[in-house]
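**Q** Sharing a structure below in structure tokens format, with a few things to ask.
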Amino acid sequence: MHEMIFPCGLSHQRSSADNAPLPRLMVAMFHGLLATPDVSPATLERFAAGYGLSCLATPPDEGYWLAWRAGVLGLESPHHGAVTADFVGGAARHRREFGGGAGQPVARAIGLKGSQRPQVVDATAGLGRDAFVMASLGCRVTLVERSPVAAALLDDALARARLDPATHEIAARMQLVFADAADWLAQQPAGSVDVVYLDPMFPDTGKSAAAKKEMQAFQVVVGDDLDAGRLLLVARQVAGKRVVVKRPRLGALLTGEKPAGQQVGKSTRFDLYAPLPPASA
């Protein structure tokens with residue numbers, strides 16, 4: 001096992017078989033990183049090398065690629081607008097300023113009370129929205145993401161957040177780890193983290209309202225978390241206080257096991273699982 005530390009707090013940790021595909025497979029045609037005037041050669045090379053991505057000179061006619069526009073990295077396609085991770089403006093800013101503080105459901109779910117600020121591992125980081133909320137409430141959050149596309153978007157978003165006066169202290173509490181979360185958690189000592197947070201993506205059943213085209217594209221490229229049951233088991237063996245699983249309000253349980261408790265909101269539900277003894281050697 002080896003670990004490489006990149007700028008912006010990125011910790012890249014992979015098994016010795018670094019060239020092996022990750023369990024979360026990209027299910028759409030993703031081409032790589034597009035060189036644009038908005039990115040320096042050094043930054044392009046760092047992202048390409050850090051995430052195993054090819055560099056492109058021209059945009060493809062079809063499929064998906066990553067590109068910087070006006071200093072922001074986005075997932076692009078001919079068929080929709082860019083998908084970006086952003087912790088500075090837009091929805092992140094609104095939620096930071098008006099999201100309800102410690103009274104919002106995700107805060108209650110992770111056990112935020114009074115001065116208690118649990119250490120959290122967001123093991124399915126995605127675009128980092130919930131992780132940023134937890135960090136904005138004072139928690140130290142490790143974002144673990146195995147998709148090279150999602151991890152690259154997060155890396156870029158964290159870099160921008162660290163440069164903005166309104167968010168740099170929040171972003172300083174966030175560390176990005178590019179790894180398979182189940183493998184990474186299995187290497188951590190039992191009880192070394194207070195809370196493990198899971199928000200796995202699953203195939204669209206057609207029963208929920210249609211997501212925006214951009215988010216549909218993100219899920220198509222990143223892929224579904226079909227091994228989330230294994231991740232839950234490992235998470236319960238590592239968490240010192242609880243594991244939180246975010247689900248649609250009426251969604252099925254992640255596994256057949258009933259949670260120890262639940263926090264139910266208007267559209268989402270947080271299933272709370274107690275820690276388990278670590279697996280025997």
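One is the number of the first residue shown, and numbering goes on along the chain from there.
Positions of Cβ are set from backbone N, Cα and C atoms, glycine also.
According to Swiss-Prot, the protein has these features:
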- Arg129, Asp130, Glu145, Arg146, Asp199: S-adenosyl-L-methionine binding site (BINDING)
**Q** Any idea what DSSP makes of Glu145 (S-adenosyl-L-methionine binding site), helix, strand or coil?
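**A** Once the DSSP labels are grouped into three classes, Glu145 (S-adenosyl-L-methionine binding site) ends up as strand.
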**Q** Where does Asp199 (S-adenosyl-L-methionine binding site) sit in the DSSP three-state scheme?
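**A** Note: Asp199 (S-adenosyl-L-methionine binding site) is coil by DSSP, not helix or strand.
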**Q** Are there residues of the same chain, six or more positions away from Arg129 (S-adenosyl-L-methionine binding site), whose CB falls under 8 angstroms from its CB, and which are they?
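**A** Result: Ala91, Ala92, Arg95.
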**Q** What are the non-local neighbours of Asp130 (S-adenosyl-L-methionine binding site), defined as same-chain residues 6+ apart in sequence with CB under 8 A from its CB?
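**A** Listed in sequence order, they are Val106, Asp122, Tyr197, Asp199, Lys246.
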**Q** Identify, among the binding-site residues Glu145, Asp199, the residue whose Cβ has the fewest other Cβ atoms within 10 Å in this structure.
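**A** Each of the binding-site residues Glu145, Asp199 was scored by Cβ atoms within 10 Å; lowest is Asp199.
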**Q** Can you see whether DSSP assigns Asp130 (S-adenosyl-L-methionine binding site) to helix, strand or coil?
**A** helix
**Q** For the S-adenosyl-L-methionine site as recorded (Arg129, Asp130, Glu145, Arg146, Asp199), determine the largest distance between any two Cα atoms, in Å, rounded to the nearest integer.
**A** 17
